[in-house]
Amino acid sequence: PLTSAPRPVSTPQAYSQYPQGDSQNGPPLMDHSMAQSPVSQPYSQGAMNLSGPHPSYSQQYGAPPPMQQVTNQMSGMQIGSGPPTSVGPGYAHHPSSQPPISAAYSSAAPPSYTQAPPPLSAAPSQPPLPVNLQPPSLTMVAPSPQQQPFPSAHHLSQPFVSSSPYLGPPSQPQAPPVSQQQSFPPGPPAQQPFPNSAPPPVTQASYSGPIPPPSMSQQQANHLPPGPMQQQQPPQPGMQGGYPTQQNGAFGQPRGPQPGYAGPQYPVQQNYGAGPAPAPAPPAQKRLDPDSIPSPIQVIEDDRVNKSSEPFTTGVKGQAPPLVTTNFQVKDQGNASPRFIRCTAYNMPCTADMAKQSQVPLAAVIKPLAMLPPDETPPYIVDHGDGGPIRCNRCKAYMCPYMQFIEGGRRFQCGFCSCVTEVPPHYFQHLDHTGKRVDCYDRPELSQGSYEFVATVDYCKNNKLPQPPSFIFFIDVSYNAVKSGMVNIVCQELKTLLDYLPRENPEADSVVRVGFVTYNKVLHFYNVKSSLAQPQMMVVSDVSDMFLPLLDGFLVGVNDSRMVIESLLDQIPEMFADTRETETVFGPVIQAGLEALKAADCAGKLFVFHSTLPIAEAPGKLKNREDKKLVGTDKEKSLFQPQSGFYSNLSKECVAQGCCVDLFLFPNQYVDVATLGVVPVSTGGSVYKYTYFQAETDRERFLNDLRRDVQKPMGFDAVMRVRTSTGIRATDFFGSFFMSNTTDVELAGLDCDKTVTVEFRHDDKLSEDTGALMQCAVLYTSCSGQRRLRVHNMAVNCCSQLADLYRNCETDTIINFFSKYAYRSILNTPTKTVRDTMVNQCAQILACYRKNCASPSSAGQLILPECMKLLPVYLNCVLKSDVLQPGADISLDDRAYLRQLLSCMDVSESHIFFYPRLLPLVKLDGGSLPMAVRNSEERLSKGGVYLLETGLHLFLWVGANAQQELLSNIFGTPTFSQIDPNMTSLPELDNPFSQRLREIIDSFRSQRSRYMKLMVVKQEDKAELIFKHFLCEDKSTSGGASYVDFLCHMHKEIRQLLS
């Protein structure tokens, strides 16, 4: 068990002898009482306590129902017992390190299913309704190893022991499954016909809360899982107007008003497209046990154990790398490191038909300038002199390990297009007896997956070598910006930050030049020439026709003009301290930066610190168009599109000049991020957002973001092209960039955090012998002003069998691609359609596997490929995300911001963004982290403290009964009530626990591209709603399904496709 406190056992109950829900999908734990039943326990009395009848709640509508309410409420259920099968209970691993061949979702098979009597607390208040419905039984069964031809099949992996076999109606006993297959049916037996795609039963026998009257048949029946145990129970005390526990499967039409249901109604978006259901069905079924379905924590842990000890060598073609959550070392032996490129599939289907049949997306997430850990060698720089890099004559691919030298080394055959090219005399070298050049291992481009070439003048704009880049800082000095403290903080920080401008040689000074502008509805340029005693200010008030009022003295070297710059930065906050100007412009600000870079004939970056919607009369003026009424309608997509074409045209000019824009927003209300973000997103820049910025609490986060943003390695004026071998081609691109044609990705700036995601399609057949190749080449100007070419090569296998495709996929990368695809689709498609499309594609992927790769078994089983067993849980997290299914409290700006942010996330960032990391802070000794627990409220112990990392936030959740010693170690106070919920950093206490916890928080922050502000959440405090929003296995307030419900829904969709 992953909590510190032992789980209390309440009332003894008749139960089967199989281990119940608290094994964390791991082998059955020794200390864990086998007869304990996973029955929900009140959140107010101890967390993962899974036993005892369900007591009262007093939870207001607004937070998602605690997972406990939602999960194993099985009070008083009796399950027909039967001997466990030979495979044994638990989610144990097979002895071999290979994924178990046979493993399938399963639980021990009772000899016959009998109906459990209703819980004592719930005497039927009416006779059960005879309902002619048969939900799909979601047995997850494993055939024995001999039966199972594909090692990749995870029949929902290793035997799963479900603690709640779904029992059929008493009148219909069902024959047990084949002895070797333990079955884990959460649905009733398949004897009842099941019309009209009503959702599978996912609810639980002991149901508390008001029950809707049978009259609301249409909506209600569709929303409730129909099932055999239809008795109504009297509401339990203490549930005043709260959520009925999980009574809705969250798939189906919005429910009508219910007696005693206080909160707002569910939004329509919840509907997954089920048709009208035939009859009202008050729920009272047992539900699937969350411990018996695939656990992300277990998969992450297994990968860490199996793959972190040995270095990952890239020499083997088509080998899937360790997960992004595993710490591993990479040795480049001819393919790019997974830190640079991750693919969705490392076995590509040979034909377009096969790709279409499987629906597995073929894509690569490329992070061309990724930072490598200290123990890995950065790409070598190769200089071929005036001749430049050696390339294929026809397709222009760069020299790489896939080129085959022939005719004694005088010519080479291209691995991409098979064209033969002469080797230039200066590059000639003899071949050894295997046909390899004898200097193969001395040349990075012949032996490494990633390397850089020094580019010649031919690769430069207008055939002349580039100037070093410039950074220009634009500071909004309107009333809001000054009042919030932003102006003062920026000016103070820049004084020291200018010593840390990016440079390639840490010893030398940076060659980046800097300039400064302040603005409200006019622009103030500053002359900071080194010969001046004081800076000079020049005001441009005609913002409709922007020009640069000075050339000499605007862009300067920091060391030459240090005194003048410091004087300026001291004066700016004083000059505008008493400003009354509230209006700002935005378009002219970017035009001014663009003009300055044009005049200096260099590329560069604009840092814009901006606070309000630009409503002053000027080009790019915006109006407030925030309209919550459009959310959930077909017009919602307009809210994500820019208001006008002005900023799109401006970005085109910026990209042509190599002008990248980073935008730091400090809004107190709507600022239209969807429009203001157009230029940053199109130029390879970033948007940072600090809503309701307060100097004392947000200063740390803003300054850390700013420091990292100024210092990080980046390239300017970049062009990226992806070449592929014959048979596939790159057809679609996602990220922060601009494209003026179909092949070149243009980036005014490209930093070490940005990714470009590329989708591939077949244009011919591929062969299993040669595999498929891709080469990503990025031409850019380094921060020292040198023109470079960075090349990443990747070879994957090709397969003609679907089983091979499903054996070698990367779920995290597939989810990264799906989310980017979905987030882009909402620009022109209603969000509900986007969600339905994703569910459908995921169901097709899994149905194709089921149909073509899994051994034959009953339709009631959910069988998932081993490497995709987490696809449903992660996909559900994407569907429930704020962008696709927003809660009432999330603003349009936040959704636009997150949509833009995700577009260039790498796989490790999207993983933590959709499935946050929840760590119990129990023992923090030694260098290792405590093992995470699953993202669900029922995993929280009232006596514990937990750290939740989302990639953008850190939460420290403190249980109301946390031990005094623990609180003293962390907060320096022994009592829960004295903890200050407003603290944003932990006190530095002199004890090992405090030191280790602060180290963990620092290390988490150092791994992310944005600084995560710490928020302390006390149990039952108002901030807990925000925290619970990130517990993504639970049902969400915005109508998103819990993991358990979604898995049942997914299974139903798969069955429909198969039938």
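Including glycine, each Cβ sits where the backbone N, Cα and C put it.
Copied over from TrEMBL, here are the features:
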type	residues	note
REGION	1-321	region 'Disordered'
COMPBIAS	10-26	compositional bias 'Polar residues'
COMPBIAS	34-48	compositional bias 'Polar residues'
COMPBIAS	68-78	compositional bias 'Polar residues'
COMPBIAS	95-115	compositional bias 'Low complexity'
COMPBIAS	116-130	compositional bias 'Pro residues'
COMPBIAS	143-152	compositional bias 'Low complexity'
COMPBIAS	167-176	compositional bias 'Pro residues'
COMPBIAS	185-202	compositional bias 'Pro residues'
COMPBIAS	242-276	compositional bias 'Low complexity'
DOMAIN	389-427	domain 'Zinc finger Sec23/Sec24-type'
DOMAIN	466-710	domain 'Sec23/Sec24 trunk'
DOMAIN	715-798	domain 'Sec23/Sec24 beta-sandwich'
DOMAIN	811-910	domain 'Sec23/Sec24 helical'
DOMAIN	929-1001	domain 'Gelsolin-like'
Recorded stretch that, among 389-427, 811-910, 929-1001, has the most CB pairs under 8 Å to the domain 'Sec23/Sec24 beta-sandwich' (715-798): 389-427
Contacting positions for the domain 'Zinc finger Sec23/Sec24-type' (389-427) when only residues 6+ beyond its ends and CB under 8 Å are counted: 334, 382, 435-437, 445-449, 453, 455, 723-726, 773, 775, 777, 789, 791, 793, 795
Helix, strand and coil counts within the domain 'Zinc finger Sec23/Sec24-type' (389-427) (DSSP): 6 helix, 11 strand, 22 coil
Secondary structure content of the domain 'Sec23/Sec24 beta-sandwich' (715-798), with strand meaning DSSP E or B: 0 helix, 54 strand, 30 coil
Local confidence of the domain 'Zinc finger Sec23/Sec24-type' (389-427) - pLDDT mean: 96
Counts by DSSP class (helix H/G/I, strand E/B, coil) across the domain 'Gelsolin-like' (929-1001): 24 helix, 12 strand, 37 coil
